[in-house]
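Undergrad: First the structure, which I've put down as structure tokens, then a few questions once you've had a look.
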Amino acid sequence: MISGLLKKLFGSRNDRLIRQYSQNVRKINALEPEIAALSDEALRGKTGEFRQRLADGATLNDLLPEAFAVVREAGKRVHGMRHFDVQLIGGMVLHDGKIAEMRTGEGKTLVATLAAYLNALPGKGVHVITVNDYLASRDAEMMGRIYGFLGLTTGCNLSRMGHAEKQLAYAADITYGTNNEFGFDYLRDNMVYATGERVQRGLNFAVVDEVDSILIDEARTPLIISGQAEDHTDLYLKMNQVAPLLKRQEGGLDDKDSVIEPGDYTVDLKAHQVLLTEQGHENAEQILVRIGLLPEGAGLYEPGNILLVHHLYAALRAHALYHKDQHYVVQNGEVVIVDEFTGRLMAGRRWSDGLHQAVEAKEGVRIQAENQTLASITFQNYFRMYGKLAGMTGTADTEAFEFHHIYGLETVVIPTNRPMVRKDENDKVYRTAKEKWEAVIADIADCVKRGQPVLVGTTSIETNEYLSGLLNKAKIAHQLLNAKQHDSEAQIVAQAGRPGVVTIATNMAGRGTDIVLGGNIEKPVSQVRDDDSVPAAEKESRIAALREEWRKVHEQVIAAGGLHIIGTERHESRRIDNQLRGRSGRQGDPGSSRFYLSLEDPLMKIFAGERLNAIMVRLKMPEGEAIEHGMVTRSLESAQRKVEQRNFDIRKQLLEYDDVANDQRKVIYQQRNELLETEDISETIQAMRQGVLHDLFRTYVPVDSVEDQWDIAGLEQALASDYLLKLPLLEWVKAEPNLDDEAILKRIIDAGEEAYAAKIAQVDAAAWHQFERNVMLQSLDTHWREHLAALDHLRQGIHLRGYAQKNPKQEYKREAFELFETLLDTVRADVSKLLMTVQIRTEAQLDEAEAPPEMENVQYHHADYDEALAAAAASTAETPVQGGPKVGRNDPCPCGSGKKYKHCHGKLS
């Protein structure tokens, strides 16, 4: 009561904001005569003047009134369109990083030019994001004329474009494109191997059109790039033949006294690893030459043969460490992993690093190619990375809380330019679907008879086509519009306002194109204007005739009541229903809307079916009669609010899971960018190498252990096999009784540095540094992809922890952190091992080794929203994604450990 009284006295926050913006509108209007007096050249020169003022210390807010006045004048000169005062307010709302809710037909496309122009002046780029390629192309072409007139460049980012075209589009001052394409480009930019391959140049300011569709409906559906690595089926099969030909060494690892029978490889059960002996290296090379996998005289550790080493070790591990009916079972022609702790089958899980395929080759079952997720991100996390984010839509107010809670975006409802006079009728509720459809057909027939255009909204393509069949039976001409986007869609929608035209559309189809009463005349006018064979005087005469004919048709439609909207079912979200209603009543036009429902509709069944059915039976309502009361409409809207709240809770919970992986991706992508931008990463490689040798040493010689507990023989063998460091450790220990563990460690690290320096001395230093960087990038990418799969598996089952009285979110956070620690350790070990063992003999070999791996069958997915929501409700988990600001070296690590970033997950670099 008190809050209501205060609102009456001072107005709502929305009212107060509109009043504040109106002060600037008065300033812009005052500048109009002065700006209108400028020549075209002087008006264009304003852009350079604004940029100079910015360089001299002015802010964008200082420039706003004059910049908006300049854009308004450019709109008048280029398109004959003058921004209304309410459109100026919309532009200010966008500039302030808020959401502008503007009714359909209020000119949102034109509003975007104001904020886009102002924010493009600093030269950091502006992205204007729409829901499909058609709208992006249309808006870039139309609004690009205004920007071009003022000396700014416009780009259009479409899915079919090549790499060079995309770079050009992003280099423009203002870039139009679809949400999918901007997201995929971001992911692709984080998969490149050279900075020059990137297309985006930073995420500065985005204006999102249809912001509710993109930031709410699609916010939880990840964009996924997946692909198959090269098919190595033949290699797995051949290595499966090689493995049994190599002999396992019996007895100790390399202590000559404890070796019972020398062999080609040793098995370290403690480390779950297989290591080739010196004899094994030679024998393996001979066998590989014999079967044609290795050229005569080539070494196993040359750059071009690294893949052979990887597959050979996978085959040896499959034969020596993994046993049928203990570690796995063969079921229905597939290798299924057995959980070592519970003994349960883990269907769907696969070992990484080619091990699973090696086991499949061993068992003679079909070798399945790995289809990996290469990268993924949700729109929610992508858009939160922009320095400033703004949006426009006709229906945001119902979701204002979510926009504010998730994105920190405030929604401002912009007043209409003319009062809205559309009449929204109460819902009509029938007992059966048959009665409902009969009433819908009767209403449509009545409108056609009176010459009133009708737009019928359906919730699915199936219903769309069912109603089309009923209209065909009733011999009522109509046009069908499905959500499958095609270029003729805009043309169908544009003519949906002609007298007696019936259009059936799925609720989301055709957004972005206005339904003008009497039909859209702009296309025929443009055709006449562009016809060079017609003299100028005749052109004007034809255009005048077209406009006069349109005026008569327009008045005829207004007399019939304007556009009539029929909804055939309530959607789960009030916002979607409001979008359908909002197609009518644009710019103060008359119009009407009504929803026809039945107790057999899904939403009615869930929330109100039984109660209303009982009322209808009690009132003995005859067939074909409907309940029509405001109470029923309010009851349905209350049910919709409950569903919206449930969906919001799901999205919010999924975000909490997302943020865990989000922080990890932030670290990985930052490491990747630092690698790309650093020419010489030798210091990083050195720190990693020394760290890995230290960790290996402590595996065999634990801290604070006595000499009897040392496994010097195992350490000697591991150094020789994994790092080609052949050091007489046993002899050192025997010859020098006072040699302590720290002294041994120092000698090992010094020997590693010496061996590495000798390797670099053989080749050009710059080429070697490039090779180091590519090895690092490839390892990081490979293990990050495996990590994404591991997180996905973890997430799928984490909700079961609740049955053990554990908090699933906390468990997920803890285990995801452990997986990430393992990822970083694995990258360090792999890179160090490869660089220590690779044998470079010529510059050509180095160039060959630098080439990044090719991914085959790369696919781009964006999951269906309803599928994703259903899956989310079942598992309360989602695909991890990346976002957030850059982490400084001395900032707290985002993993939550409490350490500085450089001492925690930043230690990789």
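Note that the numbers count up from 1, one per residue, in the order the chain is shown.
Cβ coordinates come from backbone N, Cα and C, glycine included.
Quantities reported herein were computed from a predicted structural model and do not represent experimental measurements.
I grabbed these lines from Swiss-Prot:
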type     : residues                                              : note
BINDING  : Gln87, Gly105, Glu106, Gly107, Lys108, Thr109, Asp514 : ATP binding site
BINDING  : Cys893, Cys895, Cys904, His905                        : Zn(2+) binding site
COMPBIAS : 899-909                                               : compositional bias 'Basic residues'
REGION   : 879-909                                               : region 'Disordered'
Undergrad: Within 10 Å of the Cβ of Glu106 (ATP binding site), how many other Cβ atoms can you find? Include all protein chains, please.
TA: 24
Undergrad: Which one is it: of the binding-site residues Gln87, Thr109, which Cβ has the fewest other Cβ atoms within 10 Å in this structure?
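TA: Lowest Cβ count within 10 Å among the binding-site residues (Gln87, Thr109) is Thr109.
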Undergrad: Within 10 angstroms of the C-beta of Gly105 (ATP binding site), what count of other C-beta atoms is obtained when all protein chains are considered?
TA: 22
Undergrad: Write out, in the order they occur in the sequence, the residues of the chain not among Gln87, Gly105, Glu106, Gly107, Lys108, Thr109, Asp514 that have a C-beta within 8 Å of the mean position of the C-beta atoms of the recorded ATP site.
TA: Met102, Thr104, Leu110, Val111
Undergrad: What same-chain residues, at least 6 away in sequence, bring their CB to under 8 Å of the CB of Lys108 (ATP binding site)?
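TA: Within the chain, Lys108 (ATP binding site) has Cβ neighbours under 8 Å at Gly90, Ala100, Met102, Asp209, Met392, Thr393, Gly394.
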Undergrad: Report the same-chain neighbours of Asp514 (ATP binding site): residues 6+ apart in sequence with Cβ closer than 8 Å to its Cβ, ordered by sequence.
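TA: Asp514 (ATP binding site) has long-range Cβ partners Thr104, Gly105, Val493, Ala494, Asn520, Arg586.
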Undergrad: Taking only same-chain residues 6+ apart in sequence, whose CB is under 8 Å from that of Gly107 (ATP binding site), what do you get?
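TA: Listed in sequence order, they are Met81, His83, Phe84, Gln87.
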Undergrad: What's the longest C-alpha separation between any two of Gln87, Gly105, Glu106, Gly107, Lys108, Thr109, Asp514, the listed ATP-binding residues, in angstrom?
TA: 16
